[in-house]
Amino acid sequence: MNRKIIAIIPASGIGSRMNAALPKQYLTLQGKTILEHTVAIFLNHPQIDKIVIALSANDQHHQHISLLTSDKIQLVNGGASRAESVFNALQSIDEHSWALVHDAARPCLKRSDLDKLLQITDQNGAILASPVVDTLKRAEGNKISHTEDRTTLWHALTPQFFPTALLKQALQQAFDRQQNVTDEASAMELAGYQPTLITGSNSNLKITRPEDLALAEFYLMHSLEK
């Protein structure tokens, strides 16, 4: 199937839970920023035609990253939320393409997982995800209400992969209805689609708290040694 695949990286957040002087995507691992590690995954993949990165309008840090000057990369202004940043990025790409949305703070994506996801051609799209293995408790305040059945529960990861036109339509519909969407799949679900779950590695963690940095560095070091 001959189709254009555009990677979209929303990177306009500040990562307040990191308690760092810089937005978390500009913290360094193995001598490179988290954003550089993330972008390189797609820059080096032969099936990715273009990368669109949504940055805060006030972001000055990206100017010091030479990797972002590649002809394959386009920078756009992000929005007030992740969904708005993705929507802004979608405006700049061909509606006949497929959009591959990935968190800027997930630098440990495995090439094999990405390759599995890119095989999807179903118009419902697909996401990387991992089955829930922990016992989950529903709470009322700080008290346990009941235990959830985890057998059908998955952790949503990224990338998330959808036809561009359908994703744009789904996000616009969610905005119009003032529905809260925390990822692209939730917008597609609200629009009536059923994305496929593709099992991804647990090493594809999202760096959110300071302790995540050491684990991400371990995974990156391990992948470089192979």
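Using N, Cα and C of the backbone, Cβ positions are placed for all residues, glycine too.
Per Swiss-Prot, the features are as follows:
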| type | residues | note |
| --- | --- | --- |
| SITE | ARG17 | site 'Transition state stabilizer' |
| SITE | LYS24 | site 'Transition state stabilizer' |
| SITE | ARG150 | site 'Positions MEP for the nucleophilic attack' |
| SITE | LYS206 | site 'Positions MEP for the nucleophilic attack' |
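All features noted in Swiss-Prot, drawn onto the structure.
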residue: LYS24; record: site 'Transition state stabilizer'; CB count, 10 Å: 26
residue: ARG150; record: site 'Positions MEP for the nucleophilic attack'; CB count, 10 Å: 13
residue: LYS206; record: site 'Positions MEP for the nucleophilic attack'; CB count, 10 Å: 16
Open item on the list: What whole-number Å value do you get for the CA-CA distance of LYS24 (site 'Transition state stabilizer') and ARG150 (site 'Positions MEP for the nucleophilic attack')?
Closed with: 31
Open item on the list: Please report the Cα separation of ARG150 (site 'Positions MEP for the nucleophilic attack') and LYS206 (site 'Positions MEP for the nucleophilic attack') in Å, rounded to an integer.
Closed with: 21
